[in-house]
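A.B. asks: Just passing along the structure, written as structure tokens.
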Amino acid sequence: MLTLNSTIKSVTGSFQSASMLARFASTHHKVLVVGGGSAGISVAHQIYNKFSKYRFANDQGKDTSLKPGEIGIVDGAKYHYYQPGWTLTGAGLSSVAKTRRELASLVPADKFKLHPEFVKSLHPRENKIVTQSGQEISYDYLVMAAGIYTDFGRIKGLTEALDDPNTPVVTIYSEKYADAVYPWIEKTKSGNAIFTQPSGVLKCAGAPQKIMWMAEDYWRRHKVRSNIDVSFYTGMPTLFSVKRYSDALLRQNEQLHRNVKINYKDELVEVKGSERKAVFKNLNDGSLFERPFDLLHAVPSMRSHEFIAKSDLADKSGFVAVDQSTTQSTKFPNVFAIGDCSGLPTSKTYAAITAQAPVMVHNLWSFVNGKNLTASYNGYTSCPLLTGYGKLILAEFLYKQEPKESFGRFSRFLDQTVPRRMFYHLKKDFFPFVYWNFAVRNGKWYGSRGLIPPHFPVN
């Protein structure tokens with residue numbers, strides 16, 4: 001029989017337990033996802049779906065199912081962006097507003113706990129992270145999906161030029177600046193139009209030339225192309241990393257008489273906005289030279305986030321060191337990484353994320369359940385290369401730049417190196433639709449496989 005005192009103690013204990021559980025739920029997660037971008041949101045949904053569908057105890061008899069709130073997502077951004085849409089924005093086919101949703105709207109509270117903060121530091125030896133406010137969040141398993149840092153400050157004078165509305169310097173590589181690109185393309189009637197691409201790592205390495213081809217086509221359609229000298233300065237040794245598609249791009253430049261002047265191993269290092277001059281460094285001999293411009297589309301350098309580069313998770317390049325097949329950290333087995341923040345040796349695109357995510361999720365689930373990591377990522381990535389209004393080359397390839405085309409079996413009459421309207425509408429209409437309605441809504445989009453998830457052996 002309970003006494004009054006024991007009842008009070010019981011009730012008090014229940015409140016204390018509830019308080020402790022509430023605090024625990026907000027600071028500890030079985031799975032913690034760092035990043036609320038394309039990779040983070042997609043993979044969080046897939047993790048939830050996988051662990052909900054396959055609920056059973058692991059070999060040690062431990063319940064490995066995930067309950068609502070046991071997956072945490074850490075990201076301080078207010079908005080989530082469909083960044084592949086910024087090329088369309090720059091071409092006048094969309095707007096930044098159409099590529100934007102509030103991040104919280106993509107993180108249903110009945111599944112996930114959103115921590116609206118940025119990460120300050122990672123402590124994988126202690127299974128925790130620290131946010132900018134100083135909050136510590138611990139985890140059993142960590143998924144790194146933090147994206148890449150766009151370093152505008154590395155090019156002297158670039159930020160100042162972009163912030164000046166009277167200076168014809170633009171970029172599609174930021175939600176802050178992408179809407180200004182198309183108006184400047186419209187206003188340019190003559191002179192020198194320069195488009196740049198930095199050396200080194202870059203998210204969507206085809207985008208710097210996509211916007212160039214779209215601008216060139218716009219000027220041609222509006223009968224001013226003959227008045228404009230169009231140049232592309234790239235810090236890379238080739239126009240595109242895969243020879244098959246690089247050759248196709250060069251072929252259409254020559255055969256269609258587009259007359260874009262392509263300069264290799266020349267990197268933009270400074271923008272003199274008031275003088276309308278761009279300073280380049282030749283990467284072969286280190287020499288500097290200037291070029292005047294009437295329109296400059298500049299692509300900033302990119303690098304790993306500092307909190308990753310300075311952590312024990314990083315490889316020598318500053319990205320998360322992972323096994324290129326399993327996406328598991330090579331340093332801490334309870335850590336996985338996908339997307340732009342990972343050291344996976346493939347092009348950093350959203351298409352790559354769609355192929356990496358189910359592999360990572362299956363291997364995480366297998367690891368939690370004491371199984372072998374049987375899913376393998378083959379490096380698949382894709383770059384829908386806009387070459388003009390109504391035209392697109394659909395580049396798809398694996399590790400080592402080996403082409404792997406979705407329509408390869410139909411290549412006799414559907415060559416993916418030939419710009420086609422069908423491919424154009426995939427980029428312009430279909431991909432944005434499936435992104436918002438499947439990929440970040442419920443995680444049920446698997447890239448080249450469409451709505452059909454891959455199946456991996458369990459052993």
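Please read every residue number as a count from 1 along the shown chain.
Placement of Cβ uses the backbone N, Cα and C atoms for every residue, glycine included.
So Swiss-Prot has the following annotated:
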TRANSIT   1-24  transit peptide
BINDING   G35, G36, G37, S38, A39  FAD binding site
ACT_SITE  C204  active site, cysteine persulfide intermediate
ACT_SITE  C383  active site, cysteine persulfide intermediate
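Each of these features: where is it, how hidden is it, and who are its neighbours?
C.D. replies: Note: S38 (FAD binding site) has non-local neighbours Y82, Q83, G339, Y350, I353, Y435, A439, V440, i.e. same-chain residues 6+ apart with C-beta under 8 A of its own C-beta.
Secondary structure from DSSP puts C204 (active site, cysteine persulfide intermediate) in coil.
Around the Cβ of C383 (active site, cysteine persulfide intermediate), the same chain contributes C204, A205, G206, F240, Y245, S347, T349, A351, A395, each under 8 angstroms and 6 or more positions distant in sequence.
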A.B. asks: Take the Cβ of A39 (FAD binding site) and count every other Cβ within 10 Å, whichever protein chain it belongs to.
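C.D. replies: Excluding its own Cβ, the number within 10 Å is 29.
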A.B. asks: Other residues near the FAD site, CB within 8 A of the CB centroid of G35, G36, G37, S38, A39?
C.D. replies: G40, I41, S42, D75, H80, A145, A146, G147, G339
A.B. asks: G36, G37: which of these binding-site residues has the sparsest Cβ neighbourhood within 10 Å?
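C.D. replies: Across G36, G37, these binding-site residues, the one with fewest Cβ atoms within 10 Å is G37.
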A.B. asks: Which residues of the same chain, at least 6 positions away in sequence, have a Cβ lying under 8 Å from the Cβ of G35 (FAD binding site)?
C.D. replies: I73, V74, D75, M144, A145, A146, G147, G339, C341
A.B. asks: With every protein chain in view, how many other Cβ atoms are within 10 Å of the Cβ of C204 (active site, cysteine persulfide intermediate)?
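C.D. replies: Taking all protein chains shown, C204 (active site, cysteine persulfide intermediate) has 24 Cβ neighbours within 10 Å.
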